[in-house]
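Take a look at the structure set out below.
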Amino acid sequence: AGRLSTQASRLVELPYSSSDDDDSSLAGDTDLPAAEQDPGAWGTVPPKLGTFSQCVRYLAFLWNLLFLLLGLLALAVGVWGLLAKGSLRGERLAPLGSDPMLLFVLVGLGASAVSLAGCLGALRSSPCLLRFFVGAVLTFVGLEVLGGLLLVAARHRLRDALRDALLLCLLRYQEEPDLRFLVDEVQRSLGCCGLGSYRDWEANPYFNCSAPGAQACSVPASCCRDPWQNGTVANAQCAFGVLRLGDVAAGAVVHLGGCMAQLSAWLRGQAGGIVAGAAVLVLVEAAGVLMALKVLRDIGPVGAWD
């Protein structure tokens, strides 16, 4: 009886022990990586984009790549201009803020950074970069619109601001190569000299009649009616001593009229082109924003996969 009871107890215990072993073996067999059990455990699988969405994505990439190259070009021009003029040297750090080439550097940096974010955001479907791109472009558009409204509101003061700018160019003609180039181009293209007349150059310390040197009582060569010698070589001395002459004699050598009136008339004539250019710029920026928003919408709530 004792032996039978012992065997019965063993038979009763066997199923439980085998069941435990089976459970443990099954548990070992099903101990798979979490990623194989649930594909979405480690990240959301990116959606399969349609043909149109793929085209928009790559078009947005190429669009921003173009402006990235343009931004880098503007940055290179600005840095080259600063290096060529020595504005980056230690002794020239003070007037660096007024250097026109600094505008190229700032515009190049801004355009390059924003376009790079747009390129990477479109290529990698990154919501963070795309949102940064959209926000930056909308900020630029807002600033451009605000600047345009301020110009329209202050259009009556633009004449005085333009006069002050031209006077500054006149006074710093020899000191700033950029200003000298700008003044010469304006005087040559419009056939003018000075602000109101050619005698405005007497305010320049180098052209004043009391100044020492060969340029005393002179005006820039860009004021000359015929700035060429023998029709082929630029004559830098064609306007020497003009301020000592009377208006009749000087009129045979240089243009007597100032540039202020002619430049104002030219700007009024170019108002339509300026407005059209600003509108095209806004449309280009809007196209980039719309493409970025399309890519963002295609990414949807699964944008965290990258």
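Every residue gets a Cβ built from N, Cα and C, even glycine.
Just so you know, TrEMBL annotations are computer predictions that nobody has curated.
When the ranges 103-123, 166-186 are checked against TrEMBL, the one recorded as transmembrane segment is 103-123. Beyond the transmembrane segment (129-153), the same-chain residues lying 6 or more positions past its ends with a Cβ under 8 Å from any Cβ of the stretch are 64, 110, 113-114, 117-118, 120-122, 278, 281-282, 285-286, 288-289, 292-293, 295-296, 299. Around the Cβ of C209 (disulfide bond), a 10 Å sphere holds 11 further Cβ atoms from the protein chains shown. The Cβ of C193 (disulfide bond) lies under 8 Å from the Cβ of Q187, W201, V219, P220, S222, C223, V254, H255, L256, G257, G258, C259, each of these being in the same chain and 6 or more residues away along the sequence.
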